[in-house]
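Peer 1: Please read through the structure below; I'll follow up with questions.
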Amino acid sequence: MTPNSLLSAPSADGVWHHCHLLPDADPARAIRDGALVVEHGRIAWLGAAADLPEAWRGAPRHDANGAWITPGLVDCHTHLVYGGQRADEFAMRLAGAGYEEIARAGGGIVSTVRATRGADEDTLFAQAAARLQPLLAEGVTAIEIKSGYGLNLESERKQLRVARRLGEHFGISVYTTFLGAHALPPEYADRADDYIELVCNTMLPALADEGLVDAVDAFCESIGFSIAQTERVFDAAARHGLRVKLHAEQLSNLGGAALAARHRALSADHLEHLDEAGVAAMAEAGTVAVLLPGAYYFLRDTNLPPIALLRQYGVPMAISTDHNPGTSPVTSLLLMMNMACTLFRLTVPEALAGVTAHAARALGADDRHGRLAVGRVADFALWRIDSPAELAYWFGRNPVATVVRQGRVHAGAGAAA
């Protein structure tokens with residue numbers, strides 16, 4: 001996309017007709033032979049085409065050619081901005097090395113830290129843009145992007161600045177998350193408490209004051225940070241009025257999900273080792289469970305998240321790519337829907353909610369994204385499908401016809417432009 005192509009993308013204003021509408025993930029609320037009106041970049045009306053108010057019958061028309069229109073998709077957990085890649089570690093995994101073994105050998109997160117620190121902002125932007133474009137082409141209109149590969153103030157700032165720049169350049173809603181407590185940088189080896197002090201008292205205050213942070217995250221694991229260290233990060237976030245989320249219970253059960261719930265976290269993510277007490281705490285707090293089937297698949301995990309318990313307690317389940325260079329180098333949210341159904345046994349409506357309303361809730365943005373509703377910014381996707389179930393059914397195929405982001409039309413294979 002050229003620098004001015006966002007402004008040159010045509011307006012979505014007018015009546016979208018010859019379509020079927022899925023306002024949210026509930027198939028009972030689907031509207032066949034529907035119409036949707038966009039005015040000044042926002043949804044002004046939606047319903048059955050036969051009920052279109054007279055006031056809009058003379059408005060410009062957009063023929064959807066029988067497509068289904070859904071809310072724009074939301075990718076609520078990504079590590080999209082980083083330097084380099086880690087294909088060499090893939091070979092190590094195939095030879096039997098595990099996540100912890102690679103990390104302790106100096107690979108993993110810290111190897112990406114070296115590449116990220118060594119890259120300038122323009123290089124990081126170009127690399128991240130290439131990763132973002134396939135997601136845009138699949139109908140993603142809102143995305144979370146974490147830092148966590150800088151692990152010092154300068155490089156964390158660089159990552160977050162690139163994330164903001166991606167949103168401005170592509171006309172997509174980007175929600176930034178400060179993940180300074182992702183791993184120990186080499187210069188703080190064996191000094192985790194000192195590093196957490198830097199995160200809480202230097203990095204977070206500076207980045208929050210610069211308006212670069214929407215939420216705060218941490219990696220609470222035996223190879224990451226302890227419950228006590230994570231709580232210090234959460235307390236610092238609260239002092240700056242920032243919501244929190246947590247990488248929790250991926251490799252073991254440290255009680256991270258319960259900690260997240262005590263702090264009314266937006267989400268707890270991964271959760272392969274989550275127990276019933278953690279599920280109950282999340283339910284009481286309204287914390288979203290973000291499922292990351294790409295990492296589960298890539299790591300060849302065998303411990304499933306407790307889907308039945310999450311259902312039983314009414315915990316909202318979101319689905320995300322977890323795009324990152326080490327454990328989920330995937331750029332397809334549609335594939336994650338299929339994996340969530342096939343690997344985790346989610347239903348199709350659960351998968352649809354997982355990439356729309358529940359994903360938006362995991363960002364604290366369910367008042368802006370995840371549903372087609374009057375008054376909201378026009379973020380939606382048109383699909384060449386006979387039924388919304390096909391979005392979770394196909395894999396390796398992108399049935400998108402048109403994507404509307406922030407009231408602008410991005411068509412067909414050029415939906416990422």
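Keep in mind that glycine also has a Cβ here, set from the backbone N, Cα and C atoms.
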Peer 1: If Swiss-Prot says His77, His79, His247 bind Zn(2+), which of Asp13, Asp322, Asp366 does it name for the same site?
Peer 2: Asp322
Peer 1: From the candidates Arg86, Arg376, Arg384, Arg397, give the one listed by Swiss-Prot for the same 4-imidazolone-5-propanoate site as Tyr149, His182, Gln250, Thr327.
Peer 2: Arg86
Peer 1: For Gly326 (N-formimidoyl-L-glutamate binding site) and His79 (Zn(2+) binding site), determine the Cα separation and express it in whole Å.
Peer 2: 10
Peer 1: Can you tell which of the binding-site residues Arg86, Tyr149, His182, Asn324, Thr327 lies nearest to His79 (Zn(2+) binding site) in space, using Cα positions?
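Peer 2: If we rank Arg86, Tyr149, His182, Asn324, Thr327 by Cα distance to His79 (Zn(2+) binding site), first place goes to Asn324.
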Peer 1: In the structure shown, with every protein chain counted, which of the binding-site residues His77, His182, Asn324, Gly326 has the densest set of Cβ atoms within 10 angstroms of its Cβ?
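Peer 2: By the 10 Å Cβ neighbour count, His77 comes out on top.
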Peer 1: Which residues, same chain and not among His77, His79, His247, Asp322, have a CB within 8 angstroms of the centroid of the CB atoms at the recorded Fe(3+) site?
Peer 2: Thr78, Lys146, Asp269, His270, Val290, Leu292, Ala295, Ser320, His323, Asn324, Ser328
Peer 1: For Thr327 (4-imidazolone-5-propanoate binding site) and His77 (Zn(2+) binding site), what Cα-Cα distance in Å is obtained after rounding to a whole number?
Peer 2: 13
